[in-house]
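What TrEMBL records for this protein:
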type	residues	note
DOMAIN	B:1-91	domain 'Cytochrome oxidase subunit II transmembrane region profile'
DOMAIN	B:92-225	domain 'Cytochrome oxidase subunit II copper A binding'
TRANSMEM	B:27-46	transmembrane segment
TRANSMEM	B:66-85	transmembrane segment
Amino acid sequence: MLDTQKPPRKKRWTPPFDPRFPNQNQTRNCYQNFLEYQRCVKTMSRRGKNSEPCEYYFRVYNSLCPTSWVQHWNEQIKDGTFAGKI
Amino acid sequence: MATPAQLGLQNATSPIMEELIAFHDHALMIIFLISSLVLYIISLMLTTKLTHTSTMNAQEIEMIWTILPAIILIMIALPSLRILYMTDEFNKPYLTLKAIGHQWYWSYEYSDYEDLAFDSYITPTYFLEPGEFRLLEVDNRTTLPMEADIRMLITSQDVLHSWAVPSLGVKTDAIPGRLNQAMLASMRPGLFYGQCSEICGSNHSFMPIVLEFIYFQDFEVWASYLYIV
(Lines of atoms letter the chains of each structure in order from A and count residues from 1; the text may use other names and numbers.)
(Lines give C-alpha, C1' and ligand atoms only; values in the text may rest on other atoms or scores of the structure.)
Protein backbone atom coordinates (compact mmCIF):
# COMPACT_ATOMS: atom_id res chain seq x y z
CA MET A 1 0.00 0.00 0.00
CA LEU A 2 1.16 3.58 -0.60
CA ASP A 3 1.88 5.77 2.43
CA THR A 4 -1.09 7.98 1.60
CA GLN A 5 -3.29 4.92 1.53
CA LYS A 6 -2.50 3.98 5.13
CA PRO A 7 -4.35 5.48 8.07
CA PRO A 8 -2.37 7.83 10.36
CA ARG A 9 0.25 6.03 12.43
CA LYS A 10 -0.69 4.90 15.95
CA LYS A 11 -4.34 5.76 15.35
CA ARG A 12 -6.67 2.78 15.07
CA TRP A 13 -9.12 3.21 12.25
CA THR A 14 -11.75 1.01 10.69
CA PRO A 15 -14.57 1.99 8.30
CA PRO A 16 -17.36 3.70 10.27
CA PHE A 17 -21.06 2.96 10.14
CA ASP A 18 -22.49 3.88 6.74
CA PRO A 19 -26.20 4.73 7.02
CA ARG A 20 -26.68 3.84 3.35
CA PHE A 21 -26.05 0.22 4.30
CA PRO A 22 -27.52 -0.30 7.76
CA ASN A 23 -28.30 -4.03 7.52
CA GLN A 24 -26.50 -7.32 7.62
CA ASN A 25 -25.76 -7.45 3.88
CA GLN A 26 -22.65 -5.32 3.35
CA THR A 27 -21.90 -6.50 -0.22
CA ARG A 28 -23.05 -3.23 -1.74
CA ASN A 29 -21.03 -1.22 0.83
CA CYS A 30 -17.81 -2.85 -0.40
CA TYR A 31 -18.72 -2.60 -4.10
CA GLN A 32 -19.96 0.99 -3.88
CA ASN A 33 -16.74 2.20 -2.24
CA PHE A 34 -14.69 0.39 -4.85
CA LEU A 35 -16.67 2.15 -7.60
CA GLU A 36 -16.37 5.51 -5.82
CA TYR A 37 -12.59 5.11 -5.63
CA GLN A 38 -12.25 4.23 -9.32
CA ARG A 39 -14.52 7.10 -10.36
CA CYS A 40 -12.71 9.55 -8.06
CA VAL A 41 -9.27 8.59 -9.39
CA LYS A 42 -10.51 8.82 -12.98
CA THR A 43 -12.07 12.26 -12.45
CA MET A 44 -9.10 13.64 -10.51
CA SER A 45 -6.59 12.47 -13.11
CA ARG A 46 -8.79 13.83 -15.90
CA ARG A 47 -8.67 17.23 -14.19
CA GLY A 48 -4.95 16.91 -13.54
CA LYS A 49 -5.40 16.98 -9.73
CA ASN A 50 -3.86 14.92 -6.94
CA SER A 51 -5.85 11.79 -6.14
CA GLU A 52 -5.11 11.89 -2.39
CA PRO A 53 -8.72 12.71 -1.37
CA CYS A 54 -9.75 9.46 -3.04
CA GLU A 55 -7.72 7.44 -0.55
CA TYR A 56 -10.60 7.41 1.95
CA TYR A 57 -12.60 5.26 -0.47
CA PHE A 58 -9.55 3.06 -0.95
CA ARG A 59 -9.21 2.46 2.78
CA VAL A 60 -12.89 1.63 3.17
CA TYR A 61 -13.04 -0.87 0.34
CA ASN A 62 -9.69 -2.35 1.32
CA SER A 63 -11.03 -3.04 4.82
CA LEU A 64 -14.40 -4.34 3.73
CA CYS A 65 -13.81 -6.25 0.50
CA PRO A 66 -12.17 -9.67 0.35
CA THR A 67 -8.84 -9.32 -1.48
CA SER A 68 -9.86 -11.97 -4.02
CA TRP A 69 -12.82 -9.81 -5.09
CA VAL A 70 -10.59 -6.72 -5.42
CA GLN A 71 -7.98 -8.61 -7.44
CA HIS A 72 -10.69 -10.01 -9.72
CA TRP A 73 -12.21 -6.57 -10.30
CA ASN A 74 -8.81 -4.97 -10.92
CA GLU A 75 -8.03 -7.61 -13.54
CA GLN A 76 -11.37 -6.97 -15.19
CA ILE A 77 -10.68 -3.24 -15.24
CA LYS A 78 -7.30 -3.91 -16.84
CA ASP A 79 -8.94 -6.18 -19.44
CA GLY A 80 -11.77 -3.72 -20.02
CA THR A 81 -14.43 -6.26 -18.98
CA PHE A 82 -15.48 -4.66 -15.69
CA ALA A 83 -19.27 -4.47 -15.56
CA GLY A 84 -19.60 -1.44 -13.30
CA LYS A 85 -19.91 2.11 -14.56
CA ILE A 86 -16.65 3.99 -13.85
CA MET B 1 -15.84 -25.53 23.85
CA ALA B 2 -18.35 -28.31 24.36
CA THR B 3 -17.64 -31.05 26.90
CA PRO B 4 -18.59 -34.72 26.37
CA ALA B 5 -22.30 -35.46 26.77
CA GLN B 6 -23.04 -31.76 27.18
CA LEU B 7 -26.78 -30.97 27.09
CA GLY B 8 -26.96 -27.24 27.77
CA LEU B 9 -25.49 -24.15 26.15
CA GLN B 10 -21.82 -23.22 26.57
CA ASN B 11 -20.88 -20.49 29.04
CA ALA B 12 -21.38 -17.00 27.68
CA THR B 13 -18.39 -14.96 26.58
CA SER B 14 -20.28 -12.08 25.02
CA PRO B 15 -23.16 -9.96 26.36
CA ILE B 16 -25.45 -11.17 23.56
CA MET B 17 -24.88 -14.78 24.54
CA GLU B 18 -25.77 -13.94 28.14
CA GLU B 19 -29.08 -12.54 26.91
CA LEU B 20 -29.68 -15.63 24.77
CA ILE B 21 -29.02 -17.97 27.71
CA ALA B 22 -31.44 -16.01 29.90
CA PHE B 23 -34.08 -16.12 27.17
CA HIS B 24 -33.52 -19.84 26.68
CA ASP B 25 -34.04 -20.44 30.42
CA HIS B 26 -37.20 -18.33 30.38
CA ALA B 27 -38.72 -20.13 27.35
CA LEU B 28 -37.69 -23.55 28.65
CA MET B 29 -39.33 -22.89 32.03
CA ILE B 30 -42.60 -21.97 30.27
CA ILE B 31 -42.35 -25.17 28.22
CA PHE B 32 -41.77 -27.30 31.33
CA LEU B 33 -44.72 -25.69 33.15
CA ILE B 34 -47.12 -26.23 30.24
CA SER B 35 -45.93 -29.80 29.66
CA SER B 36 -46.24 -30.79 33.31
CA LEU B 37 -49.70 -29.18 33.54
CA VAL B 38 -50.88 -31.09 30.47
CA LEU B 39 -49.38 -34.37 31.72
CA TYR B 40 -51.04 -33.88 35.09
CA ILE B 41 -54.43 -33.20 33.50
CA ILE B 42 -54.04 -36.28 31.28
CA SER B 43 -53.29 -38.41 34.33
CA LEU B 44 -56.36 -37.01 36.09
CA MET B 45 -58.53 -37.75 33.06
CA LEU B 46 -57.31 -41.33 32.86
CA THR B 47 -57.77 -42.14 36.55
CA THR B 48 -61.31 -40.97 37.29
CA LYS B 49 -64.54 -42.95 37.45
CA LEU B 50 -66.68 -39.80 37.01
CA THR B 51 -68.30 -39.18 33.62
CA HIS B 52 -70.24 -36.32 32.08
CA THR B 53 -71.63 -37.09 28.68
CA SER B 54 -73.96 -34.16 28.13
CA THR B 55 -71.68 -31.12 27.82
CA MET B 56 -73.44 -28.48 25.74
CA ASN B 57 -71.24 -25.42 26.17
CA ALA B 58 -68.10 -24.48 28.06
CA GLN B 59 -67.86 -20.75 27.52
CA GLU B 60 -65.75 -19.89 30.58
CA ILE B 61 -63.03 -22.49 30.08
CA GLU B 62 -62.87 -21.70 26.35
CA MET B 63 -62.15 -18.07 27.26
CA ILE B 64 -59.41 -19.07 29.70
CA TRP B 65 -57.60 -21.46 27.43
CA THR B 66 -57.60 -18.90 24.61
CA ILE B 67 -56.56 -15.80 26.54
CA LEU B 68 -53.92 -17.49 28.70
CA PRO B 69 -51.89 -18.99 25.79
CA ALA B 70 -52.06 -15.62 24.01
CA ILE B 71 -50.56 -13.95 27.08
CA ILE B 72 -47.88 -16.64 27.35
CA LEU B 73 -46.95 -16.17 23.69
CA ILE B 74 -46.61 -12.43 24.18
CA MET B 75 -44.39 -13.07 27.20
CA ILE B 76 -42.13 -15.16 24.97
CA ALA B 77 -42.22 -12.84 21.95
CA LEU B 78 -41.26 -9.62 23.72
CA PRO B 79 -37.85 -10.76 25.06
CA SER B 80 -37.22 -12.59 21.79
CA LEU B 81 -37.69 -9.48 19.66
CA ARG B 82 -35.66 -7.43 22.10
CA ILE B 83 -32.68 -9.74 21.63
CA LEU B 84 -33.23 -9.87 17.87
CA TYR B 85 -32.90 -6.10 17.60
CA MET B 86 -29.96 -6.15 19.99
CA THR B 87 -28.03 -8.46 17.65
CA ASP B 88 -28.55 -5.94 14.84
CA GLU B 89 -27.08 -3.04 16.78
CA PHE B 90 -24.02 -1.58 15.20
CA ASN B 91 -21.61 -0.12 17.76
CA LYS B 92 -18.53 1.76 16.65
CA PRO B 93 -16.16 -1.09 15.80
CA TYR B 94 -12.53 -1.16 16.79
CA LEU B 95 -11.44 -3.58 14.06
CA THR B 96 -12.77 -5.22 10.91
CA LEU B 97 -12.03 -8.90 10.30
CA LYS B 98 -13.03 -10.84 7.20
CA ALA B 99 -13.65 -14.57 7.43
CA ILE B 100 -13.80 -16.41 4.13
CA GLY B 101 -14.98 -19.98 3.89
CA HIS B 102 -13.35 -22.44 1.52
CA GLN B 103 -13.59 -26.16 1.00
CA TRP B 104 -12.41 -27.06 3.65
CA TYR B 105 -10.76 -24.33 5.71
CA TRP B 106 -11.29 -20.75 6.80
CA SER B 107 -9.12 -17.83 5.77
CA TYR B 108 -8.96 -14.56 7.67
CA GLU B 109 -8.04 -11.08 6.46
CA TYR B 110 -7.16 -8.12 8.65
CA SER B 111 -7.04 -5.26 6.14
CA ASP B 112 -7.33 -2.13 8.27
CA TYR B 113 -3.58 -1.55 8.19
CA GLU B 114 -1.26 -3.89 6.39
CA ASP B 115 -2.92 -6.65 4.45
CA LEU B 116 -2.58 -9.55 6.83
CA ALA B 117 -4.19 -12.74 5.60
CA PHE B 118 -3.77 -16.35 6.64
CA ASP B 119 -5.45 -19.72 6.26
CA SER B 120 -6.71 -21.72 9.21
CA TYR B 121 -6.67 -25.48 8.66
CA ILE B 122 -7.70 -28.14 11.15
CA THR B 123 -4.87 -29.80 13.07
CA PRO B 124 -5.12 -33.49 12.13
CA THR B 125 -5.56 -35.83 15.09
CA TYR B 126 -2.12 -37.34 14.55
CA PHE B 127 -0.46 -33.95 15.13
CA LEU B 128 -2.27 -32.94 18.31
CA GLU B 129 -0.21 -32.10 21.40
CA PRO B 130 -1.33 -33.58 24.74
CA GLY B 131 -4.26 -31.59 26.11
CA GLU B 132 -5.45 -30.33 22.75
CA PHE B 133 -8.94 -31.02 21.48
CA ARG B 134 -9.68 -33.48 18.70
CA LEU B 135 -11.32 -31.95 15.58
CA LEU B 136 -11.30 -28.49 17.16
CA GLU B 137 -7.71 -27.24 16.95
CA VAL B 138 -6.31 -25.26 14.05
CA ASP B 139 -2.82 -24.39 12.87
CA ASN B 140 -3.30 -20.58 12.86
CA ARG B 141 -5.67 -19.17 15.46
CA THR B 142 -7.52 -15.94 14.89
CA THR B 143 -6.15 -13.40 17.39
CA LEU B 144 -8.45 -10.61 18.55
CA PRO B 145 -8.56 -8.07 21.39
CA MET B 146 -11.01 -8.65 24.25
CA GLU B 147 -13.53 -6.03 25.38
CA ALA B 148 -13.58 -4.45 21.91
CA ASP B 149 -16.35 -4.39 19.34
CA ILE B 150 -15.19 -6.24 16.27
CA ARG B 151 -16.96 -6.08 12.93
CA MET B 152 -16.93 -9.49 11.22
CA LEU B 153 -17.56 -9.77 7.50
CA ILE B 154 -18.24 -13.32 6.48
CA THR B 155 -18.31 -14.72 2.96
CA SER B 156 -17.38 -17.80 1.03
CA GLN B 157 -15.16 -18.53 -1.92
CA ASP B 158 -17.04 -21.59 -3.18
CA VAL B 159 -20.10 -23.19 -1.52
CA LEU B 160 -22.24 -22.31 1.49
CA HIS B 161 -20.51 -22.47 4.86
CA SER B 162 -21.45 -21.00 8.22
CA TRP B 163 -19.14 -19.32 10.73
CA ALA B 164 -20.24 -20.22 14.23
CA VAL B 165 -18.74 -19.71 17.69
CA PRO B 166 -21.37 -20.84 20.26
CA SER B 167 -19.71 -19.23 23.25
CA LEU B 168 -20.03 -15.80 21.63
CA GLY B 169 -23.56 -16.45 20.37
CA VAL B 170 -22.50 -16.02 16.73
CA LYS B 171 -23.60 -18.06 13.76
CA THR B 172 -23.55 -16.34 10.37
CA ASP B 173 -23.88 -17.99 6.98
CA ALA B 174 -20.97 -17.66 4.56
CA ILE B 175 -22.57 -17.16 1.15
CA PRO B 176 -20.54 -16.82 -2.06
CA GLY B 177 -20.93 -13.34 -3.53
CA ARG B 178 -22.37 -11.85 -0.35
CA LEU B 179 -20.77 -10.15 2.67
CA ASN B 180 -22.60 -10.81 5.91
CA GLN B 181 -21.85 -8.55 8.84
CA ALA B 182 -21.81 -9.71 12.47
CA MET B 183 -20.59 -7.93 15.61
CA LEU B 184 -18.32 -9.74 18.06
CA ALA B 185 -17.38 -8.78 21.58
CA SER B 186 -15.68 -10.91 24.20
CA MET B 187 -15.76 -10.03 27.89
CA ARG B 188 -12.76 -12.17 28.78
CA PRO B 189 -9.52 -13.52 27.30
CA GLY B 190 -9.16 -17.12 26.24
CA LEU B 191 -9.68 -19.63 23.46
CA PHE B 192 -13.15 -20.06 21.99
CA TYR B 193 -14.00 -22.84 19.59
CA GLY B 194 -16.56 -23.23 16.86
CA GLN B 195 -17.25 -25.38 13.83
CA CYS B 196 -18.56 -24.91 10.31
CA SER B 197 -22.35 -24.99 10.52
CA GLU B 198 -23.56 -25.44 6.94
CA ILE B 199 -23.03 -28.65 5.00
CA CYS B 200 -20.28 -28.02 2.50
CA GLY B 201 -18.95 -31.34 1.30
CA SER B 202 -16.98 -34.26 2.60
CA ASN B 203 -14.86 -32.36 5.15
CA HIS B 204 -17.61 -30.16 6.52
CA SER B 205 -17.00 -31.53 10.03
CA PHE B 206 -13.28 -30.81 9.76
CA MET B 207 -13.02 -27.05 9.39
CA PRO B 208 -13.13 -25.60 12.89
CA ILE B 209 -12.73 -22.03 14.09
CA VAL B 210 -10.55 -20.97 17.02
CA LEU B 211 -10.64 -17.43 18.35
CA GLU B 212 -7.84 -16.33 20.66
CA PHE B 213 -8.89 -13.28 22.65
CA ILE B 214 -5.96 -11.49 24.29
CA TYR B 215 -5.52 -8.38 26.38
CA PHE B 216 -5.83 -5.10 24.57
CA GLN B 217 -2.22 -4.06 25.15
CA ASP B 218 -0.92 -7.40 23.84
CA PHE B 219 -3.08 -7.06 20.77
CA GLU B 220 -1.76 -3.55 20.16
CA VAL B 221 1.79 -4.91 20.32
CA TRP B 222 0.86 -7.75 17.94
CA ALA B 223 -0.88 -5.31 15.58
CA SER B 224 2.03 -2.89 15.62
CA TYR B 225 4.18 -5.60 14.08
CA LEU B 226 1.67 -5.71 11.24
CA TYR B 227 2.21 -2.04 10.73
CA ILE B 228 5.98 -1.93 10.49
CA VAL B 229 6.90 -0.69 7.05
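Placed from the backbone N, Cα and C atoms, the Cβ positions cover glycine too.
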The correct DSSP tally for the domain 'Cytochrome oxidase subunit II copper A binding' (B:92-225) reads 19 helix, 61 strand, 54 coil
DSSP assigns the residues of the domain 'Cytochrome oxidase subunit II transmembrane region profile' (B:1-91) as 61 helix, 0 strand, 30 coil
